[in-house]
Number of protein chains: 2
Amino acid sequence: MNPSAKASVPVIRRLPKYYRYLRALKDAGVNSISSRELAAQMGTTASQVRQDFNCIGNVNGRQGIGYSVDKLLSILEGLLFGGGDHLPAILLGCGRLGTAVSSFIANNNNGFTLIAAFDVNPALMGQTISGIPIRPLDSLEDFCSQRHPQMAVLCLPRSGAEQISGRLVELGIRGFWNFSHYDLSVSYPDAVVENVHLGDSLMSLGYRLRND
Amino acid sequence: MNPSAKASVPVIRRLPKYYRYLRALKDAGVNSISSRELAAQMGTTASQVRQDFNCIGNVNGRQGIGYSVDKLLSILEGLLFGGGDHLPAILLGCGRLGTAVSSFIANNNNGFTLIAAFDVNPALMGQTISGIPIRPLDSLEDFCSQRHPQMAVLCLPRSGAEQISGRLVELGIRGFWNFSHYDLSVSYPDAVVENVHLGDSLMSLGYRLRND
């Protein structure tokens with residue numbers, strides 16, 4: 001059994017941050033680090049770091065030396081990126097946000113490969129987005145039955161996301177990177193959903209600046 | 001005293017979601033809603049909804065009728081957007097992500113107005129981004145002393161964000177919408193920071209799809 005299976009969602013959300021810090025340490029030539037030093041850099045506690053590392057496998061720091069940066073990176077890369085085995089993803093919505101998000105996926109080695117993009121706008125057909133041809137939405141069924149994408153990036157308005165998400169779940173999509181304002185997790189509790197609500201984040205910032 | 005001052009960060013983070021749901025209810029012609037109905041739509045509990053509304057002011061639901069949608073919207077608009085008084089913001093980094101983010105701010109009424117954009121790339125000078133001229137980074141001090149922006153959007157690489165953030169705090173920037181991988185809150189605990197870590201979100205999604 002993968003020891004990572006016991007990691008809770010809050011732990012999982014912290015793993016990319018550990019990964020980023022450890023990459024920076026490796027780039028700076030650091031070979032080992034204590035939970036206390038890592039915690040100080042990340043703004044958390046040494047106890048939290050040790051608990052989190054316990055969840056992801058057999059990671060023991062050595063007294064007086066600390067954790068091996070290479071060993072931690074290798075474990076985290078396996079967990080986060082599946083050892084280089086990219087998951088196939090599709091993009092729904094090729095507007096400005098979809099363009100930026102597709103470029104982000106194409107330029108970052110985050111464990112996914114975008115294999116198709118879909119839109120309803122006839123003017124976009126035949127064009128490409130981050131090197132991928134834009135397809136009409138009515139070719140979605142054919143495409144998914146042939147290529148079996150596992151993740152969908154939703155860069156659509158709320159109504160579009162609401163209309164399409166059930167269809168995507170039926171076509172075998174298991175995960176959503178959701179930029180829309182439609183709360184998928186209420187309707188599809190079995191789907192794995194990461195929401196990026198840019199508007200909510202900006203509103204929270206405004207609230208705190210006005211009321212702090 | 002503003003009753004909202006007692007709202008904790010987790011409550012503040014939920015307010016935009018309430019706002020979105022209540023807008024959708026109003027658009028659908030709904031005048032009042034119970035905490036139970038609202039909780040069911042949002043995937044939370046009625047008790048959580050009532051506690052949250054207690055934090056934001058004198059919001060009492062009426063037995064058998066529920067909360068007034070209009071009254072809640074009016075309170076939330078005041079808290080989140082300051083009654084239409086937009087806060088001036090600047091963008092640092094005019095690449096692909098900066099372009100998408102600036103367009104998002106320009107096209108959404110989220111309480112901020114982008115008044116300038118800065119970059120170090122000479123090829124971008126004289127060009128515009130979402131209708132705003134791109135300025136050289138060395139004009140930052142002059143601009144801020146004249147126009148007093150309060151929020152900075154960071155669409156820079158980690159190293160660029162690390163270099164510029166202290167300078168921005170000294171120039172009066174109180175809040176950051178941070179798309180970079182630099183963790184500002186460790187170095188500047190007094191700054192109001194909203195992080196949008198797209199890479200982290202994508203990595204978490206990959207982890208959950210591979211290990212769920």
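Positions of Cβ are set from backbone N, Cα and C atoms, glycine also.
Confidence in the DNA-binding region (A:17-56), given as mean pLDDT, stands at 91. What TrEMBL lists as DNA-binding region is A:17-56.
The domain 'CoA-binding' annotation in TrEMBL covers A:83-183. In terms of DSSP secondary structure, the domain 'CoA-binding' (A:83-183) contains 41 helix, 29 strand, 31 coil.
According to TrEMBL, the NAD(+) binding site annotation covers A:Gly93, A:Cys94, A:Gly95, A:Arg96, A:Leu97, A:Gly98. Listed in sequence order, A:Cys155, A:Phe179 are the same-chain residues at least 6 apart in sequence whose CB falls under 8 Å from the CB of A:Leu97 (NAD(+) binding site).
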Neighbourhood of A:Gly95 (NAD(+) binding site), C-beta criterion under 8 angstroms, separation at least six: A:Asp119, A:Cys155
Contacting positions for the DNA-binding region (A:17-56) when only residues 6+ beyond its ends and CB under 8 Å are counted: 3-4, 6-8, 11, 62, 65-70, 72-73, 75-77, 79-80
Candidates from A:Cys94, A:Arg96, A:Leu97, A:Gly98 close to chain B, where binding-site residues are judged by Cβ under 8 Å: A:Arg96, A:Leu97
Residues that sit under 8 angstroms from A:Gly93 (NAD(+) binding site) by C-beta distance, when 6+ apart in the chain: A:Phe118, A:Asp119, A:Leu154, A:Cys155, A:Leu156, A:Gly160, A:Ser180
Output field, NAD(+) shell: CB within 8 Å of site CB centroid, site A:Gly93, A:Cys94, A:Gly95, A:Arg96, A:Leu97, A:Gly98 dropped: A:Thr99, A:Ala100, A:Val101, A:Asp119, A:Cys155, A:Leu156
Residue counts (helix, strand, coil, in that order) that DSSP gives for the DNA-binding region (A:17-56): 29 helix, 2 strand, 9 coil
Nonlocal residues around A:Arg96 (NAD(+) binding site), in sequence order (Cβ under 8 Å, 6 or more apart): none
